[in-house]
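Engineer: Sharing a structure below in structure tokens format, with a few things to ask.
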Amino acid sequence: MSSVLINSIAVLAGLGFAVGVMLVIASKVFKIDSNPLIDDVASLLPGANCGGCGFAGCAACAEAIVEQGAPVNSCPVGGFEVAKQIGALLGQEVTESEKEFPFVRCQGGNQHCTTLYDYHGVENCKVALMLCDSRKGCTYGCLGLGTCVQACQFGALSMGEDGFPVVNKALCTSCGNCIAACPNGVLTFARDSEKVHVLCRSHDKGKDVKAVCEVGCIGCKKCEKECPAGAIRVTEFLAEIDQEKCTACGACVAICPQKAIELR
């Protein structure tokens, strides 16, 4: 073996040893002691790293709960059981709240809303909107390309025959990723105890809505006038229901000429 090769190996080994020593020293000097409670809380979280809590992942959520005062029930995937365990660990009392599920505020679909053209591109609502605007006559409604389904890592959403996403509540963790993925904001959270819903998001004038959709809200205010609880307000041609006031009497459902309000 030549002396040049031996010297090269020796220099390389020396450099490796020196760098290793420097790394060990640096790890000691710059060591940051973490709060052991963060690891304890993180071990209780499901590890889905879905971001439904609003943080980067489960580790960030645990840190926020321990050091930033985030609620112990921040994790929607873990639900009440995980929140209860974290609360016991941190000495906080936890009360169970009603779970929310994604809800589709549109019923135009393939049957009731005008389709402007056949789309044969990427099956993604955001991409379709960027390339050629809405394929539906109503620019507020569901495009039916399944971006929300693709965003759900728990397999809780599927596309129904009418072109709308269907939620499997048994699999849904209420992480909210499907809601965030919808470019038209058609999906929103709703509780099972909230019985009456306006199945429309259009703020267009009534005549424009009727021109493209058979079941869209036209802002006629009949529901607002009929509601005995004063739970409905029509703003910018769209009815909105105050769930705190709503008694689910069904008066608004019966009087709506467009059948845009549903009693579940």
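Placed from the backbone N, Cα and C atoms, the Cβ positions cover glycine too.
Since we're looking at a predicted model, the values are computed, not measured.
Not my notes, these are from Swiss-Prot:
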- CYS50, CYS53, CYS58, CYS75: [4Fe-4S] cluster 1 binding site (BINDING)
- CYS138, CYS142, CYS148, CYS182: [4Fe-4S] cluster 2 binding site (BINDING)
- CYS152, CYS172, CYS175, CYS178: [4Fe-4S] cluster 3 binding site (BINDING)
- CYS217, CYS220, CYS223, CYS227: [4Fe-4S] cluster 4 binding site (BINDING)
- CYS246, CYS249, CYS252, CYS256: [4Fe-4S] cluster 5 binding site (BINDING)
- 33-92: domain '4Fe-4S' (DOMAIN)
- 127-162: domain '4Fe-4S ferredoxin-type 1' (DOMAIN)
- 163-192: domain '4Fe-4S ferredoxin-type 2' (DOMAIN)
- 207-236: domain '4Fe-4S ferredoxin-type 3' (DOMAIN)
- 237-264: domain '4Fe-4S ferredoxin-type 4' (DOMAIN)
- 5-25: transmembrane segment (TRANSMEM)
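For each feature listed, report its degree of burial, its nearest neighbours and the pertinent distances within the displayed model.
Structural biologist: Within 10 Å of the Cβ of CYS50 ([4Fe-4S] cluster 1 binding site) there are 20 other Cβ atoms, across all protein chains.
When secondary structure is read from DSSP and collapsed to three states, CYS142 ([4Fe-4S] cluster 2 binding site) falls in the coil class. Counting only same-chain residues at least 6 apart in sequence, those with a Cβ under 8 Å from the Cβ of CYS142 ([4Fe-4S] cluster 2 binding site) are VAL104, CYS106, GLY108, GLY109, LYS136, GLY163, PHE164, PRO165, CYS182, ASN184, VAL186.
The Cβ neighbour count for CYS172 ([4Fe-4S] cluster 3 binding site), using a 10 Å radius over every protein chain in view, is 20.
In the three-state DSSP classification, CYS220 ([4Fe-4S] cluster 4 binding site) falls within coil.
Within the same chain, the residues at least 6 positions away from CYS256 ([4Fe-4S] cluster 5 binding site) whose Cβ sits under 8 Å from its Cβ are LYS222, CYS223, listed in sequence order.
Counting only same-chain residues 6+ beyond the ends of the domain '4Fe-4S ferredoxin-type 1' (127-162), those with a CB under 8 A from a CB of the stretch are 48, 50, 102, 104, 106, 108-111, 113-119, 121, 168-169, 171-173, 175, 177-184, 186-187, 200-204, 209, 211-213, 216.
Residues belonging to the domain '4Fe-4S ferredoxin-type 2' (163-192) score a mean pLDDT of 94 in the model.
A Cβ distance under 8 Å defines the sequence-distant neighbours of the domain '4Fe-4S ferredoxin-type 3' (207-236), meaning residues of its chain 6+ beyond its ends; these are 107-108, 112-114, 136-138, 141, 198-200, 242-247, 249, 251-252, 254-261.
Note: the domain '4Fe-4S ferredoxin-type 4' (237-264) comprises 5 helix, 7 strand, 16 coil (DSSP; helix = H, G, I, strand = E, B).
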Engineer: Taking a Cβ cut-off under 8 Å, which residues six or more beyond the ends of the domain '4Fe-4S ferredoxin-type 2' (163-192) line up next to it in the same chain?
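Structural biologist: Distant contacts of the domain '4Fe-4S ferredoxin-type 2' (163-192): 48, 50-52, 76-77, 79, 98-107, 109-110, 125-126, 129, 139-144, 146-157, 201, 243.
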Engineer: On a count of neighbouring CB atoms within 10 A, which of the binding-site residues CYS58, CYS75 is highest?
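Structural biologist: Top count of Cβ atoms within 10 Å goes to CYS75.
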Engineer: With the cut-off set at 10 Å between Cβ atoms, which of these binding-site residues ends up with the most neighbours? Options: CYS53, CYS175, CYS182, CYS246, CYS249.
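Structural biologist: When each Cβ's neighbours within 10 Å are tallied, CYS53 tops the list.
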Engineer: Nearest to CYS217 ([4Fe-4S] cluster 4 binding site) by Cα distance: which of the binding-site residues CYS53, CYS148, CYS246 is it?
Structural biologist: CYS246
